[in-house]
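Here is the structure we will look at.
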């Protein structure tokens, strides 16, 4: 009689079972088994889930999102602007050359509507502005000679001098005098500004589809001289009244002209290139871009100076603090055209997603139904191939339910 083989340690047996399981999982093949369950509620849930998935892909993915198309966003774009009009302040007529900055006309243009003028400034010494921090003083000892305040207007001389008006005193500075707070004059240019016209010429190009178009359709040279923009009757005449732009942005023109602000003109080119070129049209929208209700950052202003020469040397200048309406032209867009690759990918995704209904109903069937154990026995069978038996693998002993299923349903189909 052969000696009994000593038993394996518990750890080694566990490792052996784990290795056998991994080896079995690597070589086993699984194929679905069809079971017809005659349950109206489960069948209704199954078909409703499939219907919802189908509607989602047909309506949203293919019709709304047009996922059968290859797309391109962010078109190449060029913008040219031109402002026309005249206005008046109290004692002067202003033309385009004076109230439009910068004059060359790009995607950003500023239209001056109010100015604070400090005329006849010369290099010298004068009282610092009271708006500058720690500029007020009582004695010369309160002012440090040579001190430079980056928020101020010049270098302090060390003297405490009377202010331009009132009984206050401020430190004297070496700067362009008088400083801005001393003798500023206000001029309002916004009286006729709502009637200014702005021409916005825009051309876009989608390089992937080699498609180009502009927002001016007519080929007649005098077309732009006799039209203004209207979304319904004249959408390809991009000449806008300044008052119209501000109104469409929901702002009060007089308030905006006094404090200044930034208005965005958004041009959207959404083009379905499966249709004719005439269906690709620009859509305009307008909104204020600067934070209106934030006192620290609302409004828009900038400074510039005009210099005057006498006998060939610069002796005086006029400092201008300008408030205005800045127009930012922003171009967005997306173009799409039918392509076979995204169509196949999305169709495959749709067909695969329909299987979610079967997965959901299987989970309900095997988890919440009254006969879930019986359904589980009917659904999962294990068959060992004869080749594996010859290789030394012992076939598992089928359970009674499996034996019955095999004998009564040789094709693998069971109806409950």
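Any Cβ shown, glycine's included, is placed from N, Cα and C.
Annotations in TrEMBL come from automatic prediction, not curation.
Range annotated as transmembrane segment by TrEMBL, chosen from 6-24, 25-43, 44-62: 44-62.
Residue ranges 347-369, 370-392, 393-415 are listed, and TrEMBL annotates 347-369 among them as transmembrane segment. Within its own chain, the transmembrane segment (44-62) is flanked in space by residues 68, 346, 349-350, 353-354, 356-358, 360-361, 364, which lie at least six positions past its ends and keep a Cβ under 8 Å from the stretch. Cβ neighbours of residue 160 (disulfide bond) (same chain, under 8 Å, six or more residues apart in sequence): 137, 138, 139, 140, 142, 143, 169, 170, 171, 172.
Here the disulfide-bonded residues are 126, 143, 171, 227, 237, and the one ringed by the most other CB atoms within 10 angstroms is 171. Residue 271 (disulfide bond) is surrounded by 23 other CB atoms, counting those within 10 A of its CB over all protein chains shown.
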